[in-house]
Amino acid sequence: MGIVEPGCGDMLTGTEPMPGSDEGRAPGADPQHRYFYPEPGAQDADERRGGGSLGSPYPGGALVPAPPSRFLGAYAYPPRPQAAGFPGAGESFPPPADAEGYQPGEGYAAPDPRAGLYPGPREDYALPAGLEVSGKLRVALNNHLLWSKFNQHQTEMIITKQGRRMFPFLSFTVAGLEPTSHYRMFVDVVLVDQHHWRYQSGKWVQCGKAEGSMPGNRLYVHPDSPNTGAHWMRQEVSFGKLKLTNNKGASNNVTQMIVLQSLHKYQPRLHIVEVNDGEPEAACNASNTHIFTFQETQFIAVTAYQNAEITQLKIDNNPFAKGFRENFESMYTSVDTSIPSPPGPNCQFLGGDHYSPLLPNQYPVPSRFYPDLPGQAKDVVPQAYWLGAPRDHSYEAEFRAVSMKPAFLPSAPGPTMSYYRGQEVLAPGAGWPVAPQYPPKMGPASWFRPMRTLPMEPGPGGSEGRGPEDQGPPLVWTEIAPIRPESSDSGLGEGDSKRRRVSPYPSSGDSSSPAGAPSPFDKEAEGQFYNYFPN
């Protein structure tokens, strides 16, 4: 705001246009639109602008324009004249005659004249959240809002033997550095208090004294240190690679990990150190070191999350945890929604979306696999073969969550299956042949398969001289002679005589035969045995 030009006096009610002459200016005042309180004898009462009509804090106060400032408005009242004997800027202007022994009135605090007209920020001015000032340097916490969310529930940080990165991590924006000077930036972690903490009844409480100082690294230097001020100010200063560990004897990547104790509260701090030429980096003087602390970055070191709210915040905001959650949900929710439920209890649940190239029927009836099961409904319409795999089909996997790519199956000729008679080998591009659903009717003894027999020949008349009572238990089942399926006879008598030939007991009077042991080849046993396999 500059000087009010003549003719614009109607801008402020009750004031006169400000003269453009040098009358009324205090001697020695700079011409940069800055005005001081005029001497009482320099002008009459009509030229004393303000006159209390605009609410001047004292009689005769004038509302004067002020240059643009960060803390004061465009118009401000000049300082009240001070009593004689004040050193500094007040001595340049003689006080009024009636100002001897003047004391500031109640409710008005006179500024220190030694500080000048604009001494600095007001006492009631507070820095915005997430901003810290040290000298000329200003540092802002970039993810301040995220840290504040965690701080409402007391932030927890996982520490492991291998080291775990912080989330939220520390990220800053720095301003006020000398572009050509070199600076070194690092973060250290210090204890907030001398207490041991425990999560109890849904909140963190103090329990006992903190343990002694644990040996280990407590400092993490930014990889870009040292560097120029222009380098630090043109980009984000991130400490995302900082890891926290509880391994006291950590030797690998010791410069990237900070050793902490579990169930202790810590406060990270940012250090900015100006590095002079020829000065070792380890030297840190108080004159060239600036420390910035943000209260919302306090955390408690834990080996496992204690508060469920913190766990949920980590899942919702951590990009790695969020990706894991999306993959987990897509693997299970997509299958449940895309594949319908079976239409009935007799249907077998097979994923048609995933296996449609191999199984054309999504819900095959179990009677197709077990035709003789009682209580199973028969298929009304004959279905085509489903055991033969079609050629030149790709496995269209739909597990997109695990990033699986479709794999093309080789088109090698499949083995013939003798179970279905008359099956034709499908050529590429050929249609599926229609065949009966059930296998052809087999003979009565088709269930029996030839087995290996002993190389022994029966003697002449062996089968006619022995009765059923002379039989004994066979040595093993593999010694039973095979029954030829092409014979029209059922083979019961022949099988009976051959089983008597291989009996280890030659007669019933032999003492080596077990007494009173029932023979497994009596008539009742034979009836039960052959009734199990109906013709």
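The backbone N, Cα and C atoms fix where each Cβ goes, glycine too.
Here is what Swiss-Prot says about this protein:
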- 1-62: region 'Disordered' (REGION)
- SER53: phosphoserine (MOD_RES)
- TYR77: phosphotyrosine (MOD_RES)
- 83-109: region 'Disordered' (REGION)
- TYR118: phosphotyrosine (MOD_RES)
- 141-326: DNA-binding region (DNA_BIND)
- TYR220: phosphotyrosine (MOD_RES)
- SER225: phosphoserine (MOD_RES)
- TYR266: phosphotyrosine (MOD_RES)
- TYR305: phosphotyrosine (MOD_RES)
- LYS314: ubiquitin cross-link (CROSSLNK)
- 449-535: region 'Disordered' (REGION)
- 503-520: compositional bias 'Low complexity' (COMPBIAS)
- SER513: phosphoserine (MOD_RES)
- TYR530: phosphotyrosine (MOD_RES)
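For TYR220 (phosphotyrosine), the number of other Cβ atoms no farther than 10 Å from its own Cβ, over all displayed protein chains, is 22. Look at TYR220 (phosphotyrosine): DSSP puts it in a strand. Cα of TYR220 (phosphotyrosine) to Cα of TYR266 (phosphotyrosine): a distance of 15 Å. Note: the Cα of TYR266 (phosphotyrosine) and the Cα of TYR305 (phosphotyrosine) are spaced 16 Å from each other. Within the same chain, residues at least 6 positions away in sequence whose Cβ sits under 8 Å from that of LYS314 (ubiquitin cross-link) are PHE167, TYR305, ALA321. Here the DNA-binding region (141-326) has a mean pLDDT of 89 out of 100. Summarising the environment of SER225 (phosphoserine), the number of other Cβ atoms within 10 Å of its Cβ, over all protein chains shown, is 16. Secondary structure at the residue listed as 'ubiquitin cross-link', as computed by DSSP, is helix. A sphere of 10 angstroms centred on the C-beta of TYR266 (phosphotyrosine) encloses 22 other C-beta atoms.
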